[in-house]
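*Asks:* According to TrEMBL, the protein has these features:
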- B:LYS205: active site, proton donor (ACT_SITE)
- B:LEU11, B:GLY12, B:ALA13, B:GLY14, B:THR15, B:VAL16, B:GLY17, B:SER18: NADP(+) binding site (BINDING)
- B:LYS105: NADPH binding site (BINDING)
- B:GLU190: L-homoserine binding site (BINDING)
- B:349-429: domain 'ACT' (DOMAIN)
2 protein chains.
Amino acid sequence: MTESTIKVALLGAGTVGSQVAKALTEDSEELSRRIGAVPELIGIAVRSLDAERDYQADPGLYTTDAETLIDGADVVIELTGGMEPARTRILRALEQGKHVVSGNKALLAAHGAELHRAAAENGAQLSYEAAVAGAIPILRPLRDSLAGDRVTRVLGIMNGTTNFMLDAMDSTGAQFDDALTEAQNLGYAEADPTADVDGLDAAAKAAIVASLAFHSEFTIDDVHCQGIRDITADDVAAAAEDGYVIKLLSVCELDGDGVNIRVNPTLIPRSHPLASVRDAYNAVFVESRDAGELMFYGPGAGGAPTASAVLGDFVSLARRSVLGGPGVPDSSYAGLKATSLSNVVSRYTVGLRVRDKLGVLAAIANVFAEHGVSIQTMHQTKHREKEDVEGDHATIRIVTHKTSDESLRSTIDELSSLTTVYDVTSVIQVEG
Amino acid sequence: MTESTIKVALLGAGTVGSQVAKALTEDSEELSRRIGAVPELIGIAVRSLDAERDYQADPGLYTTDAETLIDGADVVIELTGGMEPARTRILRALEQGKHVVSGNKALLAAHGAELHRAAAENGAQLSYEAAVAGAIPILRPLRDSLAGDRVTRVLGIMNGTTNFMLDAMDSTGAQFDDALTEAQNLGYAEADPTADVDGLDAAAKAAIVASLAFHSEFTIDDVHCQGIRDITADDVAAAAEDGYVIKLLSVCELDGDGVNIRVNPTLIPRSHPLASVRDAYNAVFVESRDAGELMFYGPGAGGAPTASAVLGDFVSLARRSVLGGPGVPDSSYAGLKATSLSNVVSRYTVGLRVRDKLGVLAAIANVFAEHGVSIQTMHQTKHREKEDVEGDHATIRIVTHKTSDESLRSTIDELSSLTTVYDVTSVIQVEG
């Protein structure tokens, strides 16, 4: 294990910034093992030193002098949002060859090309997975995994607030205004919901995704954008009647020699994978020449998920470039061992073929009880078949509560030994 | 643009190997732009020079001398499968510091740790996205995107053949044997279906996924494996009755101080995202501390999808290491422009509120026809409301065939000008 450190400057201490500060502080040892060097949080740039924070880092770390902080760092994590001073600060870092992780979708949708050029010219890396679809890894797959393929179209549900609203309208018949109020009450929508409802948030993400998917420079101004303000409960109900659901889709698709990028409410068939994306979840559906249809699904927002994306970018670039290594450190450091099935706790369904005789059910239930396996449901079906040499029989299907593999096995062994049990026809785990 | 080349040795010319050879040959220019250097396929190692191939590369490229080929390459792509000679050849390449891309799940599930060590010791990269879930980017997200998070559990449908069979049993009530025959007829299952049906294929993938998700060394011997041979049509029907579907799940989960890795048939509720994975598709569901629940979905096998994963690995490592660059080349080389909406062709639903009068429907249909917009369906609902100052009215909902945004707009403009049309209440795109 090397003793080298990576100096990290954090810009911003909002919801996501606080989570990142917490992880860099409390998970430092784990992160060190993953990177192969110790990440050192050297400071947190904030606008005011006495604001309230979700996570209170060492008070000495807070500073209002972002520039000096940047100049002393190896990696800069920008989580302030907005155009300025974020743009100038990121450029300052890149021009010094420092790597930057950002979650600033508005900035990247407007000035992505300029930031990428500054990074390339100075041999610095710029990552921003958190800017699109929260924790869902979508930018990295587009940039790396599909790097040898040709993307033809991307369809995304990239705004959680509007998806929550449309889902509420679809599942409860709510009117637009009631759905918006509910989203606001639950903290999904801001007091001023314009950025979400009018599609501007989704449009910024579409511009970023289109740039990576089609290796070209697009900004939010290239996106045709229509929000969901005009969607009524009647529209949603009429769509449902025809087997459709209305989603606010971000669409980026090859269009002749160009790319068409748009955000608009769209009817999609209920059988489409995107139709089942509920609540405030996000999903991105990618169509490509060779890989075919891929879908990525997960939480589109929230402090912890977004911080996960930021830290993933940070660890990846720290591994790769700060150390100048080959990119993949020894990944066996955790040294965990495989465990036996005996500790695994699960629900099970058990199928039995038994003699149809008074008291059999009780005898079987007794075996389960003796081995400490609690029964959730028990169904019996009687069969009277003349051809059956064994005479009348019944099939029993039992669903257990959670039990260990070991207890279940011993239960099954004893059941098999009963003369009233002809067969254990199935033993299958139950999830969820 | 640099003039440097990257010499590629391809081992294997089966279904996937042929696709990769084709892409390296025919897409060379595009790949060069993506990498920043020219990939040069210097040879294809095969067992026999006169076998039939899906893609016939330049005959001079084929060789039976894999060792000499490897020694002359910068990057080795291994697509032969099996343990030997694949293992010895990959080690030979890594020990010379050459980067390796492999799709060999059996080898990685048995000797992954040895190969990783050889790579790390020699500063070489080893990538094998194609070994798990075909084209679905799952290994890269686990290794990079979640690098700052803690994975707690992975649930995967990692074998397409068995998913196809279970889906057929669920949707058509087919017996196991019939479902297997159908899978064989469609080319999903081999004549000897053991590896699929007994869960061995899924177990190999589970070992690979668990190793990356939990930063530890696991082999296929660590996986508790139960196939689907005992699953009957009755089991599937009974599960369906209770609102469940049976899937062959690969489960990797934290279990105290260790990791439990198992493959077994499992009942999952129909509302679970994995329940809707149909046919031969694969999906991987990841639960982590911060990112929450993520799902990755796509084709789990097939020549083109698997080749896409191989090429993604190749381009990524070629970018990153062969050139010694910062990892992300200028990604704006394609230079595509954003297009206007006028060319976008889509179906639309149009809602209208009209005067309830004889001939109105015909007049409206006429406007669509005049603008070349073909109507697929037209629904009329009549309303008689005393309070309506405008008198009786009707609502009409029209779904069009595919049409351009421009034609639709001019149609809507003219409809709005009709005195019999009170309102255009909605215009929404329809996908699929």
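Each residue, glycine too, has its Cβ placed from N, Cα and C.
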*Asks:* Quick one: Cα separation, B:GLY14 (NADP(+) binding site) versus the residue listed as 'L-homoserine binding site', in Å?
*Replies:* 15
*Asks:* Which one of these binding-site residues has the most other Cβ atoms within 10 Å of its own Cβ: B:THR15, B:LYS105?
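*Replies:* Compared across B:THR15, B:LYS105, the most Cβ atoms within 10 Å surround B:LYS105.
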*Asks:* Please report the Cα separation of B:GLU190 (L-homoserine binding site) and B:THR15 (NADP(+) binding site) in Å, rounded to an integer.
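*Replies:* Computed Cα spacing between B:GLU190 (L-homoserine binding site) and B:THR15 (NADP(+) binding site) is 14 Å.
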*Asks:* Taking the Cβ of B:VAL16 (NADP(+) binding site) as centre, how many other Cβ atoms lie within 10 Å?
*Replies:* 26
*Asks:* Quick check on the domain 'ACT' (B:349-429): DSSP residue counts for helix, strand, coil, in that order please.
*Replies:* 24 helix, 35 strand, 22 coil
*Asks:* Three-state secondary structure of B:LEU11 (NADP(+) binding site) from DSSP?
*Replies:* strand
*Asks:* To the nearest whole angstrom, state the Cα distance for the pair B:THR15 (NADP(+) binding site) and B:LYS105 (NADPH binding site).
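*Replies:* If we compare the Cα positions of B:THR15 (NADP(+) binding site) and B:LYS105 (NADPH binding site), the gap is 16 Å.
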*Asks:* Please identify which of B:GLY14, B:GLY17 has the densest Cβ environment, defined as other Cβ atoms within 10 Å, among these binding-site residues.
*Replies:* B:GLY17
*Asks:* Using DSSP with the three-state reduction, classify B:SER18 (NADP(+) binding site) as helix, strand or coil.
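*Replies:* Note: B:SER18 (NADP(+) binding site) is helical by DSSP.
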*Asks:* Between the Cα atoms of the residue listed as 'active site, proton donor' and B:GLY17 (NADP(+) binding site), what distance do you get, rounded to the nearest Å?
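*Replies:* The separation of the Cα atoms works out to 20 Å.
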*Asks:* Distance check, please: Cα of B:GLY17 (NADP(+) binding site) against Cα of B:LYS105 (NADPH binding site), rounded to an integer number of angstrom.
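*Replies:* The separation of the Cα atoms works out to 15 Å.
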*Asks:* Other than B:LEU11, B:GLY12, B:ALA13, B:GLY14, B:THR15, B:VAL16, B:GLY17, B:SER18, which residues of the chain come within 8 Å of the NADP(+) site, judged by Cβ distance to the Cβ centroid of those residues?
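*Replies:* Neighbours found: B:LEU10, B:GLN19, B:VAL20, B:ALA21, B:LEU79, B:THR80.
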*Asks:* Given B:ALA13 (NADP(+) binding site) and the residue listed as 'NADPH binding site', what distance in Å do their CA atoms have, once rounded to a whole number?
*Replies:* 17
*Asks:* B:LYS205 (active site, proton donor) has how many other Cβ neighbours within 10 Å of its own Cβ?
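*Replies:* Its Cβ has 28 other Cβ atoms within 10 Å.
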*Asks:* Using the alpha carbons only, what distance in Å do you get between B:LEU11 (NADP(+) binding site) and the residue listed as 'NADPH binding site' once rounded?
*Replies:* 15
*Asks:* What number of additional C-beta atoms lies within 10 angstroms of the C-beta atom of B:GLY12 (NADP(+) binding site)?
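*Replies:* A 10 Å sphere around the Cβ of B:GLY12 (NADP(+) binding site) contains 24 other Cβ atoms.
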